[in-house]
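Taking it in order: structure first as structure tokens, then the write-up.
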Amino acid sequence: MGNLFKFSLNCIKYRSENLEKSKMFYQYFYFHLTLSIVLIYGSDIGKDANEHMSSVPKKIIIEGTRQKRQVVTKLFSPQWSNAKVFYCNADSFSKLQLKKLKLKKNSDTVKRKLMKFAMNFISSQTCVTFEENCTISTRIKFVDSTFCASYVGMINSVQEIYFPDWCMRFGSAVHELMHALGVLHTHARFDRDNFLNVNLNKDDEDDSNFEIVSPPFSINVVPYEYGSTLHYTADVSGTNSLLPKQMEYYRTLGNRRVTFYDMLTINTAYNCKCPSELLCANGGYTNPSNCLECICPLGYGGVLCDRVVACSVQLSADSYWKGSWISVGSSVLRDTTDPVKAFISINAPKDKIIEVKIVKIENFSCDSGCNNNGVEIKYMGDPRITNPIICCENQVDPSNKGYKAKLNPLLINIYTFLGKNKVTFHYRYVNERLSSYNKTTNGYDNYEYYA
């Protein structure tokens, strides 16, 4: 995968406290991170674009603007032949237009580098490839604009992806590329009313961004995922406009991390497969871009996804509550294509259920989508699905009973784009057998996990 600029060496400061025995100890974990850096600016999709609607072609998804029935109503069609996408950059698609942002060297190509990074990411996990070609008749043209928009699927001519300064986020770039590959918004699924209560303001009632696309014009190939990069925020059309029926997901909607199921959607759509399949663990599957390794759910690593990521903090639970805190990031603001991440792996004896609760979060930016920072406790049985993300103090209730995990070990993911964040949490295992729960599947494949 192509990289832009690199930095390394981050320190995670971690403290653990045995709450029953009042014994404290400190550990410092240094791990090596290599991140690709690009300027990230702006806000969630959906700002200041209505005045430009008259110049927008039909059959295109315009993020956060009112459009009446202009969307191509097929989830995976038309597709790009041989999963090969041609693209070209408009001359203007390079430099950020916002003069108030003082960028250092290479700022004149920052948009192109972000989009190239997003294309490389997709190619690294799918059979889809991208090739720059400014003469072929069927191609994507990246265009600077004041609105963020893309056609859905391949349209057999030059098709624009409009990408303004305020859309400058890695997940937003992948979002628009997925539209160009033929994938609609998550909240356009025909089963969305099982997961959302939709309460649009009057101006948005006829907006095709919120229309359900029903069979035979759409199919579902993965579970409904509140954390998909193709989902809008809960407040995109006013307070509680897309209200999740699982309210703990309220802040997760609109998150622009790219998920395991996002890439699986592309692989299913384009029938990306390897000649032979590896025995991938924890719900992973053989990477069609590199058939010698598996694509792993967040937090898992190794060739076969049979271990947690190498740089995770390892903790051992007991039958009594223990307390820990962890500090992630630094005092320096970093603008990156990928956040600074930390993983905590809480281990317990075999077949024990782990319980964890967040007691306090500090220096977190509270926003719709938790795009600046967040904490995800991977307590659900399916290791591939996005769990509710916490980034606001009102999401934390130290008096609650906590989360009982259907996974052992239990993973906690903390990520940040903004400065140094601190999380305090308690954990233990309870006298309950994990195997006492029934196993289930996600309804789309045969991988079994505890329900």
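Backbone N, Cα and C atoms are what each Cβ position is placed from, and that goes for glycine too.
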According to Swiss-Prot, the disulfide-paired cysteine of CYS272 among CYS127, CYS134, CYS148: CYS127
CYS296: disulphide-linked cysteine among CYS291, CYS305 [source: Swiss-Prot]: CYS305
Bond partner of CYS274 - disulfide, per Swiss-Prot - picked from CYS291, CYS294: CYS291
Secondary structure content of the domain 'EGF-like' (267-306), with strand meaning DSSP E or B: 3 helix, 6 strand, 31 coil
Nonlocal residues around HIS185 (Zn(2+) binding site), in sequence order (Cβ under 8 Å, 6 or more apart): ILE61, ASN209, LEU230, HIS231, TYR232
Most Cβ neighbours inside 10 Å, all chains, among the disulfide-bonded residues CYS127, CYS167, CYS272, CYS274, CYS291: CYS167
CYS148 (disulfide bond) and HIS179 (Zn(2+) binding site), Cα-Cα, nearest whole angstrom: 12
Fewest Cβ neighbours within 10 Å, where candidates are the binding-site residues HIS175, HIS179: HIS179
Those residues of the chain, 6+ apart, with a Cβ under 8 Å from that of ASN363 (N-linked glycosylation site): GLY419, LYS420, ASN421, LYS422
Disulfide-bonded residues listed as CYS148, CYS305, least Cβ neighbours within 10 Å: CYS305
CYS291 (disulfide bond) and CYS272 (disulfide bond), distance between Cα atoms, whole Å: 11
